Amino acid sequence: MASWLLSTLLFLSPSLVSAKSAADYYVHSLPGAPEGPLLKMHAGHIEVDPQNNGNLFFWHYQNRHIANRQRTVIWLNGGPGCSSMDGALMEVGPYRLKDNETLTYNEGSWDEFANLLFVDQPVGTGFSYVNTDSYLHELDEMSAQFIVFLEEWFRLFPEYERDDIYIAGESYAGQHIPYIAKAIQERNKNVQGKTIASWNLKGLLIGNGWISPNEQYMSYLPYAYEEGLIKEGSRTAKELEVLQSVCKSRLETGKNKVHLNDCEKVMNALLDKTVEDNKCLNMYDIRLRDTTDACGMNWPTDLEDVKPYLQREDVVKALNINPEKKSGWVECSGAVSSAFNPQKSPPSVQLLPGLLESGLQILLFSGDKDLICNHVGTEQLINNMKWNGGTGFETSPGVWAPRHDWSFEGEPAGIYQYARNLTYVLIYNASHMVPYDLPRQSRDMLDRFMNVDIASIGGSPADSRIDGEKLPQTSVGGHPNSTAAEEQEKERIKETEWKAYAKSGEAVLLVVIIGVLVWGFFIWRSRRRHQGYRGVWHKDMSGSSVLERFHNKRTGGADVEAGDFDEAELDDLHSPDLEREHYAVGEDSDEDDISRQHSQQASRAGGSHNLS
């Protein structure tokens, strides 16, 4: 009877069988990882569309340190249809590939003071999958599925549900991110007064974003003139201006379109005009050139290592990839990009005013060497946008917020500008993928935006200044961006270690002296009683001599007791290389996490160009 009832329940409730716990997503090892303790991470698929076999893949890293608050940063790449593994392994993640087999640490990783969550979306992107007849078409469809993903992710990892949440990304993610933010705010309104927790969405970061097609399409020629790519007034320029006038007319009649073919022709023609010796301009980094059939699609060069690494069988297994997905990882999915062509969803620029007026902080940043999502277009969309009682960066009618010079480790890094919850950062000498070129500067920008305060944990600050002023929150903590600060930390650790060794040696020497004196006293008494005494170093005693015991302590034969050390000095020791396994005060070990999760489970029974 009992077995029949159990079988019936399992049949009626397949979720009892299929429900996963966090332990099922734990990454036990990562091929090619640097020596030492592995960073704490989870990865795998979460189902978001059961009817169409829709699953989103995520890769999550726990923060290495906690400053003044718990934070989670969600990172999305663009496309549409380009994998966020670009961000994980080439931009803001803790690892970079030295070759297709070896990982190295990224000095500017964003996981220093925030949990990092990379998501391949929409379905069909990267390691995510769905039935081939069920790719998404609209931005509101995408955001709805992302909410389903987050609901399940927070069920699996409830310890992060109260974190300050930031959503970051680049390029076509400039469409995704505002839509997801709006969906989160609507979800929070719907759960008010219920026992369900609201999500503490604090800010958005969009780099070289495809946000406003009107301004971005119309920025191609002005940017090309500004950078000397095309000579203004030339025959070539006039030919391109004809195409741009057609684009402008289409924009006026199709204001709610995210993508327009007539405007894409401007970029295609511009790239064709730059061909020399079978090489054309790299549209993602104008300092570089590429083959005429690619014009930047072969960039970054790290892709040569990322693709074979993510297609390795041992890596796929380590990341808990569904073995039924046999297509293998590709950076950008043409099928997803072709299907995702919003006709009903207005461009995300129309959502920004409402998000800013709700109190949400938004940061738009632009690498100055990107053509396809260049800073001229971003600056123009800001100038034209109205929010919070003003237009653009107005502080009062006719008065604009000043631009502040940003320097990093003594070198000009860019400019900052802020008004009414919106921050703009122009970053010098950076491409379409700012963190790829300048990881440490990008981390400094993130820490400023999140108001990271490391005063409670110490560490040496990065030399980062706004108009020459260094603010406390620009420090980068125990895993410093500054090379000089890192060397100082190593010297401090070495000095503290030597002090500890010296103290332990002094303590042992004192024990030896006391032992010798006591032994001598007994020998003296023995000689007085027995005249046949043979001496201290008799061969029968050689195996347990005090000197050998002392030698054993020096060579690790036995540990010096804790009382021999100054515990305060030892507690102060910290190095990212030596203590990378420590993440938070009072945190349980990975094994404890897994066993607890098993216990809890038992108790509960884009277009023609990729905007990557």
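Cβ coordinates come from backbone N, Cα and C, glycine included.
With a 10 A radius on its CB, S171 (active site) counts 31 other CB atoms from all the protein chains. Per Swiss-Prot, the feature active site maps to S171 (among others); the stated evidence is similarity to another entry.
DSSP assigns D370 (active site) to coil in the three-state reduction, outside any helix or strand. For D370 (active site), the Cβ neighbour count at a 10 Å cut-off comes to 28, with all displayed protein chains included. Annotated active site per Swiss-Prot: D370 (among others), in sequence order, evidence recorded as similarity to another entry.
Among the features that Swiss-Prot reports, active site is placed at H432 (among others), with the record citing similarity to another entry. Within 10 Å of the C-beta of H432 (active site) there are 29 other C-beta atoms, taking all protein chains into account.
Feature annotation from Swiss-Prot assigns compositional bias 'Polar residues' to 472-485 (among others).
Annotation comment: Swiss-Prot describes 561-570 as compositional bias 'Acidic residues'.
Look at Swiss-Prot and you will find 597-612 (among others) tagged as compositional bias 'Polar residues'.
According to Swiss-Prot, the feature N-linked glycosylation site maps to N100 (among others), an assignment based on sequence analysis. Residues near N100 (N-linked glycosylation site) in space but far in sequence (CB under 8 A, at least 6 apart, same chain), listed by position: E304, D305, P308, Y309.
Sequence-distant neighbours of N421 (N-linked glycosylation site) (same chain, 6+ apart, CB under 8 A from its CB) are L356, G359, L360, Q361, I362, W387, N388. In the three-state DSSP assignment, the secondary structure recorded for N421 (N-linked glycosylation site) is coil. Feature annotation from Swiss-Prot assigns N-linked glycosylation site to N421 (among others); the stated evidence is sequence analysis.
Annotated N-linked glycosylation site per Swiss-Prot: N429 (among others), in sequence order. The local packing around N429 (N-linked glycosylation site), expressed as other Cβ atoms within 10 Å of its Cβ over all shown chains, amounts to 16.
Sequence annotations record features per position, and here Swiss-Prot assigns N-linked glycosylation site to N481 (among others).
Per Swiss-Prot, topological domain 'Lumenal' is recorded for 20-503.
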Practice problem: Within the topological domain 'Lumenal' (20-503) only, compute the mean pLDDT. | Solution: 91
Self-check item: Separation of alpha carbons, D370 (active site) and H432 (active site) (Å)
Solution: 5
Exercise. Please report how many Å separate the Cα atom of S171 (active site) from that of D370 (active site), as a whole number.
Key: 11
